[in-house]
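Student: Quick one: the structure is below, questions incoming.
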Amino acid sequence: MPNASSWSASSSLLLLWEDSSGTRIFLSLLYAVLAISGTLSNVMVIYLVFSFKKLQTTSNAFIVNGCAADLSVCALWMPQEAVLGLLPLNSSSLRSPEYRLLRGGLLGLGLTVSLASHLLVAFNRYVLITKLPSVYQALYQRRHTGCMIGLSWALALLLVPLLPGLWGSAQPPRPTDGSSRYTALLLALAVLGQTALLLHCYLGIVRRVRGSAKRVSPPRRSQRRLSSVSVLLLCCVFLLGTQPLVWVSLLRFFLRPAPPPLQAASWLLLCALSALNPLLYTWRSEEFRRAARSVLP
């Protein structure tokens, strides 16, 4: 197990908590698989939305925004982690402060916009299903939609330079690093707040769908129940990807840092969402499936 000085010198998210070459190779392959699958799925969703007019809706605009952010993680950050895991621990690439800052910026930018896009999609669907059509049309004019997307990127570009240690908390901290405890608390509170708003929107959708299902014919009732199950499944996957990091961060602030493997696994689950997001939002859409069938051989 590396000592405290080796932790401070290293910057790889998951690959440096174990000296075993076999483990490092396995984790490098895992990053490579996530990078390839995530890049292909995100690019496919973006291509389909821009190619088929029926898919050019407001909700899909937010999904494309999330896919573009996820490409920062899957296409730019993950391949570097896969390669760095195959380098020796004393490699100069792992010790370069500038390179560490670049990788942390890519990770922070991608994850911040991706999490914001989750919330934008949830709120859009909540207003569409639970509010009057006139309210939805007034709120989601093209100009307003563009401003929401722009604000998500502006927020990320503001946070990444101002809080460089926020995404560096993915690295195992030094025991004497007190500021990282408050960074961990800030990260946990931000993700918890975003999760609470997202769950409020989706649970409101489920309540509305279940209430309206009682007043329709049995075939339509079964379709709406299936829609509720799909929403709950999306929420479960999102919670599985985000909440381990929240509780690891809270443990780090109030008690003591969690074991490095647990910290690393919580970050890996969060980053893996970038590869799963396109499937989460499109697998139930018949329009997406029809468009994909027309493109793929």
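The backbone N, Cα and C atoms fix where each Cβ goes, and this holds for glycine too.
The following feature annotations were taken from TrEMBL:
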type	residues	note
DOMAIN	41-281	domain 'G-protein coupled receptors family 1 profile'
TRANSMEM	25-50	transmembrane segment
TRANSMEM	62-80	transmembrane segment
TRANSMEM	100-123	transmembrane segment
TRANSMEM	144-164	transmembrane segment
TRANSMEM	184-205	transmembrane segment
TRANSMEM	226-250	transmembrane segment
TRANSMEM	262-283	transmembrane segment
Student: Can at least 3 Cβ pairs under 8 A be found between the transmembrane segment (262-283) and the transmembrane segment (25-50), with each pair 6 or more apart in sequence?
Tutor: yes
Student: Counting only residues 6+ away from its ends, which parts of the chain sit with a Cβ under 8 Å from the transmembrane segment (100-123)?
Tutor: 11, 13, 59, 62-63, 65-66, 68-73, 76-77, 80-81, 148-149, 152-153, 155-157, 159-161, 163-164, 166-168, 170, 191, 194, 197-198, 201-202, 238, 242, 270-271, 273-274, 277, 281
Student: What residues in the same chain, six or more past the boundaries of the transmembrane segment (144-164), come closer than 8 Å to it by Cβ-Cβ distance?
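Tutor: Distant contacts of the transmembrane segment (144-164): 58, 61-62, 65, 69, 101, 104-105, 108-109, 112-113, 116-117, 120, 183, 186.
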Student: Do you know the mean pLDDT across the domain 'G-protein coupled receptors family 1 profile' (41-281)?
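Tutor: Mean per-residue confidence for the domain 'G-protein coupled receptors family 1 profile' (41-281): 81 out of 100.
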